[in-house]
Structure formats: C-alpha cells, structure tokens
Amino acid sequence: MPQLSNLYLFIYNSLQSIGWAIALFRVLSSFVVNKSADGAYVSAGELICLLQTVAFLEVIHGAIGLVPSGALFPLMQWGGRTHFLLAIVRGIDEVQGMPAVFITFLAWSLSEVIRYPQYALSCLGHCPHWITYLRYTSFIVLYPIGVGPGEMWLMYQALPYIKEKHLYGDSLFGLPFSYYNFVQAVLLCYPFLWLKLYLHMFKQRKSKLAKQHTRKKKRM
C-alpha cells in the first residue's frame, strides 16, 4: 500500500511539474516575443487554471493522511489562488492583460517548477539536497512577489470592473451578497492570512533543512 501511494504521488507531482514547466515557458515566450507583459493570460491562463483546479487533490491528500501536511494550509493556499484565478482573472476580461497577471503567473510558475519536482523526487527517496534547499528557500522571495504586486494588486485593480458589471449579482443562495464588498473584505484579510502561511513555510523550512543536514552528517 505505501508503494502504491508513493507511485500515485510521484505520478501526480510529475504531471504537475510538466504542466507548470509548460506554463512557465509560455509566459516567458510571450513576454520575449511580444516585448510586453500583457499576453500572460492568453498564453498560459487556461493551463494555469486547470493545474490550479486539479491541485485541490493536495487538500484531499492532506485530509486523508497521504501526506503529512494536513488539510488546513493547503486549503488556504488553494482557496486563495483559485478564487483569484477563476472568479477574478478568468471572470473579468479587462484585467487579463494587466502586468499584475504576468507577475503572479511568473512567481507561481517559478515556485511550482521547483516545488513539484522536489515532491516527486522525494517520493523516490532520491531528492538532491540542492533541490530541497531551493524548494524551501525560493519561496522567501517568490511568495511575497506573487501575493503583493501580483494577486492583491490585481484584485484592487479589478474592483471598479466588479462594481461596474455588478459581478456575480447581489444574492447568494437567496441571501444578500455583494461580491464587490466581499473582495474588499478579502483584500483586508489577505495580509494576515498571507503572513500566517508565510510563517508556516518558514517553520517547514527549518524542519526540512534540519533533517537534510542530519542525513548528510550520518552519511559522512
């Protein structure tokens, strides 16, 4: 059974690695060819939407104990990203060419082409130390870039369009609901939720790199 779960996780993480590598290539290619950041969504948006939607499996992996991460933090990250992608970027044509989309996609793609290969190789028990170090260090720079000038800035820029279009109506299951006010509330909460995740990732970094250091010492 452990072998089957490891095989499944290896396949899942490998496919995500390939998908995000293709997304990164498309985002960078569009930027180089067009000499502009406004083609990021056109070039890779639908692929990134698919990859991010499928990533809900990672919440399930944690919930059923397939991986030790638990379900809360994967759910927080998945929920924030998926709302940003599907409800705002995909739902509002006018924001798709904004530089914040390029910044977000670039930060996400760079992060994931490190994270998923590290997970996949760890399933095999043969992950080089430098990949693990990169996975638990690159987020220090990439995560704030993706959230600040990326996600939060775009949500702020989207507010006038949300209000103008009366996006998603004013009721949810028959209850009073303003999506415009909801996004404003999300923007207020985002820094606090982000900081919680960010600090959690630093704890992970300390734990994982300490284990790697211990293994290296034993080999010596």
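Backbone N, Cα and C atoms are what each Cβ position is placed from, and that goes for glycine too.
Residues or ranges marked as transmembrane segment by TrEMBL: 6-28 (among others).
What TrEMBL records for 139-159 (among others) is transmembrane segment. Only residues 6 or more beyond the boundaries of the transmembrane segment (139-159), in the same chain, are considered here, and those with a CB under 8 A from a CB of the stretch are 80-81, 84, 88-89, 92, 95, 98, 100-101, 103-104, 107-108, 110-111, 180, 183-184, 186-187, 190-191, 194, 197-198, 201, 205.
Sequence-distant contacts of the transmembrane segment (179-199) (same chain, at least 6 residues past either end, Cβ-Cβ under 8 Å): 73, 76-77, 80, 83, 87-88, 143-144, 147, 151-152, 155-156, 158-159, 162-163, 167-169. Annotated transmembrane segment per TrEMBL: 179-199 (among others), in sequence order.
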